[in-house]
Every structure is written in structure tokens, then in C-alpha cells.
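As C-alpha cells, the structure follows; a few thoughts come after it.
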């Protein structure tokens, strides 16, 4: 047994959707969350920069004595997961592997669409993972760079978001995909709108729950599950900027009481 | 006479519109430009963070032996200009003062609109500057957080940008402003569209040219004008991420040959 916390990080608030699934599936585990709000977004930055940022965050989380780390950001997963696994001697998992597994289980016609940031799509991480598991699968990626700003402006059910989504999804419709991976942690927040455009017959895959399941399997496998009944909601949240704004959004997303969010200087790590 | 270069910085490419006016008005001056592309955008980050970032950049520019610095970013100007002037012993000017002066000269009904990022609008920098020069002026600020991502996606003449601009500008129309300051260096790129929405009778003020004039006055005043005829286009460009992408955009904006863009680690300063 290992009572140490789980580290989870993202460029901002998006990864809280993953943290929430972890808290729900593994209620005895403590979570240490870091959101890199001073340097958000990650989606249009280079691999070199994303690796540097991820390295600083992993060092911070290790200093907080976490027993495992979840990269709850598709871009950081795409660009930095392998490098982090090589550099650090601690279990580190991402969201893309679970997302790819779910897509393979969900598709019937073997035509899978991936939507994400420029970085995630350019990395072809989902294509590589899916094709390594199912060589018959056809994978079509589409970068949707305006979704994050539109979601952050709260235009979740807006005609403008609908118009932009319609443009982005056009090619995936033409390819007749029956499954789309929401390859960015912001996108579940506009799932209803995306489903309306694609039609009810298309599966929209959100990797968050499957990621929590992967983490659970890892902890069981390594005998690291925390069986002590902790104080509930005993999670800690850190950001690199604007703690109050983060706390406001986090309360809405997590929908339960939480500790005050603390701001740290991530460049020092 | 002082042959050292002028430092100019912005969160990304936007400040190149200011650099271009400086190169044109002061053709003998060399420019050292820094774009903080690893941490862009600045518009929705805190004053604390913007001061920290600006301090690192000013240290970098001073190491490059510049004789004066232009903060070619409205958010950094709003949040960090005064702090930089206090900390560093070098002339530092911004874009807001020239923008405010131009607005006062342009308005006839003393109703002035300011559009900019969340940070620039929340700081009320333009209101304070304008009202200190003209107590009769009424200033109406409106944050336009989606303009930067829309411009960066190249949707300069798009129906979606038109729809969003129409929403943002509605209150300024209702207030019957006759002058609007483009309080973000990205906005001149959608000036045509903004003019169409507001009508030809409304003045759209771009502070870039006036900023170059302010810089010239400062150099003359301090006897720091470079009278040597330099090699033309002998300017240097640095970024914190994705030098190639920056170079591509910079060539379009500046429209003349330029030195290769160099990537540096700004967090080291």
C-alpha cells in the first residue's frame, strides 16, 4: 500500500475533467493538481518548449512526493510523455493511450476522427497508437484551434461555435467516420453541440474516464492503491497564475468543496 | 550620438506593426525585437505574471546593449510599464500614451471607445491617460478576447469575425463614440472589418505610428539619434518559441529581407 498522492497536470483547467474521474473512481486517493495558467495554451507551441514546461512540472510534483503522474493534457501527452518516462523514475501515464483504446472499441466501420490542438494533430499520436492496435483502422486528424478560446469565453451553445465546429467537422463527415476522439480536455464541454453536428450515430469518445481506469489498473498492478479512508476532498491545487480565477472554474467543474488554490513559480523548478 | 540599437518587445508578432513604423520613421536605427512566443498570449494573465515576464525581457534587451526600449504590447504596457521604469535605468516607452494622445486629437464629441484584451481594459490605462489630458472626455472600454485567436487563425475577413466584432462593438455604437483606439497590436489587421461595422465617420486610432514619433522625440531630446547610415535591414529578431513560424509571419508584416530569427531561453533572464 502507498498512501502518497497522485500528481495530475494540464496547461490550465481542462485537466480537471480527468482529475474528477480519478477522484470518483479512486475515492481514497489524494490528488495534487497543477495547472500551468501562466503559460497556457500549450496547443500551438513547439515540442521543445512543451518538454521543458512538462519537465519543470514533473519536478514540482515529485517534490510533492506523488507516487504516480497523469498528464491530463493531450498536447503535453503527445509531445512530452515519452521524454518524461525516460527522464524520471516514476510511473507516468497519459490520456491518449486510453482514448485510442476506447476509439477502437467504439468504431464499427474502422473510420476514426481525431480532433485536438495543432500540436496534438501534428504529432499524429492518436494515429500511431490506433494503428499499432488495429492495422485496419483509418484515422483522420483535424486541428480545431479556435475551440479552446471559444470554450474559455463560455460560448458553449453559441451560433458562432456552431459555425466554426461545422467547418472543422466537415472533412470528418465527408470521410464518414463513426467515432471521434475528443483529443483535448476542453472539448467535452461542447460535446452536445458536436453531437448535434455529427448526428446521434457517431460516437464521441472522451478519454477522461478510461484514463482513470488505466490509473487504477496501474496502482493495483504495482500494489500502490491507497486503502486508507482519507478525508474526502483532501486534494491540493496549484497554478502558475490567477489562482482565484482557477478556483472559481474548478468549483464549477468538480462541484464539491475544495482547498484554496495556491500559486507557485513553476520556472524555479 | 548613440549608435546602439532600440529594443522592442511584445508577447508575439503583433508588436512588429510598431517595429515597422520605427524602422520607417528612424531608418538609421537598428532594432532588437523580442517576441515571447512561448508564453503568448499576455492578455488574460495577471499583473504579477506580466511584470515578471517583462522584467526578464528587459534584462535580455539590456544585455543586448539597447539605448531605449519600446513596450509594443498594450497589456504589458498597461501592467508593467511603470514598474519597468522604476526598476531599470534606461528610457522605456509604451504604446498607450501615444494612443491616448491621438484619440484626444481625433475626437469631436469627446466620446472615445477603447478595445483591447481583458488585461488592458481591466487596467483602465487608456481611461486614466485620456482623462488626465482631457477631463471632458468620456471613455468606454470593451474587452475583445476572441480577436487575437481569430486574427492568428487568419480569419481577417470572415463572417465569424464579423459576427463576433458586431457583438463586441454594439455597446460602443450605443454610446455613440466617434473614435476607437485599437488597444492591441493585433487589431490593425482587422481594421477594414471594424471600420465597416462602425461606419466611415468613426476614427479608428492605431497607436503604432504615434509611438514611433514619441520614440523619435525622445531620442532627439536625449541626443541619442543614430546619424550613421547603417546597413539597411540590420535588425535582429529573437523569440522564446517557434522561430520559423515567427519568421514566416514577420516577413509578411515587415515586407523586406531580414536576419534569421533566433530562439532564446527567456526564463534564464
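In case you wondered, yes, glycine gets a Cβ from its N, Cα and C as well.
Just so you know, TrEMBL annotations never went through curation; they're auto-generated.
Per TrEMBL, these features apply:
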type	residues	note
BINDING	A:10, A:11, A:42, A:43, A:74, A:75, A:185, A:186	substrate binding site
ACT_SITE	A:73	active site, proton donor/acceptor
ACT_SITE	A:184	active site, proton donor/acceptor
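Residue A:10 (substrate binding site) falls within a strand segment according to DSSP.
In this entry, substrate is bound by A:10, A:11, A:42, A:43, A:74, A:75, A:185, A:186, whose most widely separated C-alpha atoms sit 12 angstrom apart. Across the fold, the C-alpha of residue A:184 (active site, proton donor/acceptor) and the C-alpha of residue A:42 (substrate binding site) stand 11 Å from each other. On the backbone, the CA of residue A:11 (substrate binding site) and the CA of residue A:73 (active site, proton donor/acceptor) stand 7 Å apart.
Using a 10 Å Cβ-Cβ cutoff, residue A:73 (active site, proton donor/acceptor) registers 35 neighbours. Sorted by the number of other CB atoms within 10 A, the binding-site residues A:10, A:11, A:43 start with A:43, the lowest. Within 8 A of the CB centroid of the substrate site residues A:10, A:11, A:42, A:43, A:74, A:75, A:185, A:186, the other residues of that chain are A:12, A:14, A:15, A:41, A:73, A:76, A:117, A:120, A:148, A:184. If you measure from the Cα atom of residue A:185 (substrate binding site) to that of residue A:73 (active site, proton donor/acceptor), you get 6 Å. Around residue A:186 (substrate binding site), the C-beta neighbours below 8 angstroms that are at least 6 residues distant in the chain are A:14, A:147, A:148, A:151, A:152. Cβ neighbours of residue A:42 (substrate binding site) (same chain, under 8 Å, six or more residues apart in sequence): A:11, A:36, A:50, A:53, A:73, A:75, A:76, A:117, A:119.
For residue A:74 (substrate binding site), the same-chain residues lying six or more positions away in sequence with a CB closer than 8 A to its CB are A:95, A:96, A:99, A:116, A:117, A:120, A:125, A:183, A:184, A:185. With a 10 A radius on its CB, residue A:185 (substrate binding site) counts 28 other CB atoms from all the protein chains. According to DSSP, residue A:186 (substrate binding site) sits in a coil region rather than a helix or strand.
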